[in-house]
Each structure stands twice: as C-alpha cells, then as structure tokens.
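Record features, source Swiss-Prot:
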{"type": "TRANSMEM", "residues": "20-40", "note": "transmembrane segment"}
{"type": "TRANSMEM", "residues": "43-63", "note": "transmembrane segment"}
{"type": "TRANSMEM", "residues": "68-88", "note": "transmembrane segment"}
{"type": "TRANSMEM", "residues": "144-164", "note": "transmembrane segment"}
{"type": "TRANSMEM", "residues": "212-232", "note": "transmembrane segment"}
{"type": "TRANSMEM", "residues": "234-254", "note": "transmembrane segment"}
{"type": "TRANSMEM", "residues": "265-285", "note": "transmembrane segment"}
{"type": "TRANSMEM", "residues": "304-326", "note": "transmembrane segment"}
Amino acid sequence: MLKDLNTNQGLKPWRVESVFYCIVIVLIFIGAFKIAEAVFKPLAISIVLGFLVYPVYTFLARFKVPKFLIVFIIFFLLFSFSYLIFSFVYYSVTVLMKQLPYYQNQLAFIMKDVLSRYKVDSSVINDVNFSGYIYPFLTRAYNEIIGFTSSLVVVFLLLYFLLSEIHVFEMKLDKAFKKPISTRFIGALDTINNQIGKYLGIKILVSCLTGILVFIGLTLFGQDFPLVWAVLSFVFNFIPSIGSILAVFFIVITSLIQFYPNLNIVLYVFIYNTSIQMLIGNILEPKMQGKRLDISPFLLLCFLFFWGWLWGIVGLLISYPFTVIVKVIVDNVSWLKSFSVFLGGSEILSNISHISSKDKEI
C-alpha cells in the first residue's frame, strides 16, 4: 500500500492538498452563507432574476431599444409581479383565517370518527387546540413571505446595477484575462445563461399551465380556495423533484378535511392532480426542455436539501440554478474534472463507455 503511494501512479501530495484546501474553502463559504444570510440571500435572488430577465434584455436590445427603456420595462414587470404576489398572500391568509374554525371542527370530527371505529375514547380530542398549531404556522409563513417582499428593494437595487453593467462584462473579461482564458470564461457564462434561462422560461410556462389546470379542476370539484392551490402549485413546481409531490399532498389533505366522509371526491381530486403533475412533469416539460445539462438526480436532490436547510423556501427555489452554476464551473476547471464526473448523470457514463469502445477498436 505504501509502495503504491510512493509511485507515480499513487496520489500526488499537491493533489491531496488541493482537495483538502477545497473542502476547507467550501466549509468556510457555507458558514459565511449561513451567518450572513441577510446579505447573500438577496444577492443570490438578484443573480437568478438576472438570468431570468436576460433573454428579455437581449430580445429588446435587438430592436435597438434604448438601454434605460429596457431596464424600465423589466423593472415595471417585476414590480407588477411583486405587487400581485403581495396581494395574493394577503388574500390567501385572510381567507384561510376566516375558514380556520370550520376546518378545525371538521378535523376534530374526522379524528373522533376514526377513533370511535377502533373503539378508542375520543373525549381527549375535545381538549386539543388545533388552532394553537395552525395559527403559528400561518403566522410564520406570512412573516417569511412579508420579509422576502421587504427584501425585494435590495434585490431590485442589486439587479439594477447588474443589468447596467451586463453589456460591458465580456469586454471586462477580455481586458482582465488573456484570450484563451477569457474565451473559456465567456463560454462557461454562456452555458450557464442558456441552461438557466431556458430552464426558468419553460418552467414558468409549464407551471402556469399546471396552475390553470389545478384551478379549473378544483373549481369543478367544489374544493375551497382553488386560486390559492393553483398559485401554490405554480410555486411548488419550481422546487425540483419534491415540489409536485408537496403540491398534491397539501391539496389532497385539505380535500380530505373538507369532503370527509365522502372519500370519492377526495379520490377524484388525488387522481386528477397526480395525472396533471405526471403528464406535465414527466412528458411535456422534458420534451420542451430538450437536451439539458447532465446532472445526477441524487446529487440534485442533495443540493435541494442543502439549499433548503441553508435558506429555507428561497433556497429550495434557487437550488437548481445554483447546481447548474456549480456543474458548469467544475466542467471548465481541469483539476475539478473528477468532481464533474460525480456530479454528472447517466449520460457521462455512456460517453465514457463510447470512448473506451473506440479505443479498443483503435
């Protein structure tokens, strides 16, 4: 074993040190992101918004629209969207608070009915204060969304300066680095921009379609708050892997509380919403997205949990864009190629096997 390590084929000391330093740097960054959350979270959101609005910026720039007018149009759209979100949150919380006593009584009735079927004393349910659990949850969610809305001023300020310098960024790279390095930088940024811009654009379209279908279906079934669940389905669709599962789960749970003991409608609601998520998420969206960056689904889920732990709901929403950024960076740094292989999905393995088969033929 020691002999192998001393040969040229063994681990080189500088390579081990590089890996160690990388791990230390990553841990320092994680600590900084967690401690200085109030600073880094608006910065991260502004970067993701920058990728989202950049196609609009380039589209209007083709028609020789003045840059100040492009920025004005983009910010008008963003402010309008933010106002709609704030109005929706206020409406949703108000409606939920009004209906909360009904749902509390209905939930108590369901639990008593289930316990009585198993001949268990249900008198203990009378002492349970469900509102004591639900009100803090709604208040916490409301405060988090209001806090996010209030931080939009900082986000928009950062985005403004980002857009004002975006047209000279390539020239800065050419001046700062030599030609091969600057070209590689620009290529990596183009890849990140294309991947994230295309992902977010198509995600908005399919999420809107999902929300519309959810609203129509729940209205026909007679479920309460169809608009609330439609908008939440739209938002949850941006959370990779588990977002659609969470959307269906919350819709079905509230449907069960509302329609119990009529379980047929609950079953119809479950089948309808599951079918929408499967058809759009597994058939329509992959066809629209086409060829995407090859990322391991398992590691994508790990990144999802990591960003969710780090920054909550905002972390869940930005997990995929930042995973793409990490993947493109490790793809373009030679001594990080090993990490790129582990971050890749099944496509990279087929490429490796294809190359090895060609080598055998040669």
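Backbone N, Cα and C define each Cβ position, glycine as well.
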Same-chain residues at least 6 beyond the ends of the transmembrane segment (234-254) whose Cβ lies under 8 Å from its Cβ atoms
103, 203, 206-208, 210-211, 214, 218, 223-225, 266, 269-270, 273-274, 277, 281, 297, 300-301, 304, 316-317, 319-320
Tertiary contacts of the transmembrane segment (304-326) (same chain, 6+ residues out, Cβ under 8 Å)
30, 33-34, 37, 41, 44-45, 47-48, 51, 144, 148, 192, 195-196, 199-200, 235, 238-243, 293, 295, 343
How about long-range neighbours of the transmembrane segment (68-88): same chain, 6 or more residues beyond its ends, C-beta under 8 Å?
49, 53, 56-57, 60-61, 145, 149, 152, 156, 159-160, 163-164, 227, 231
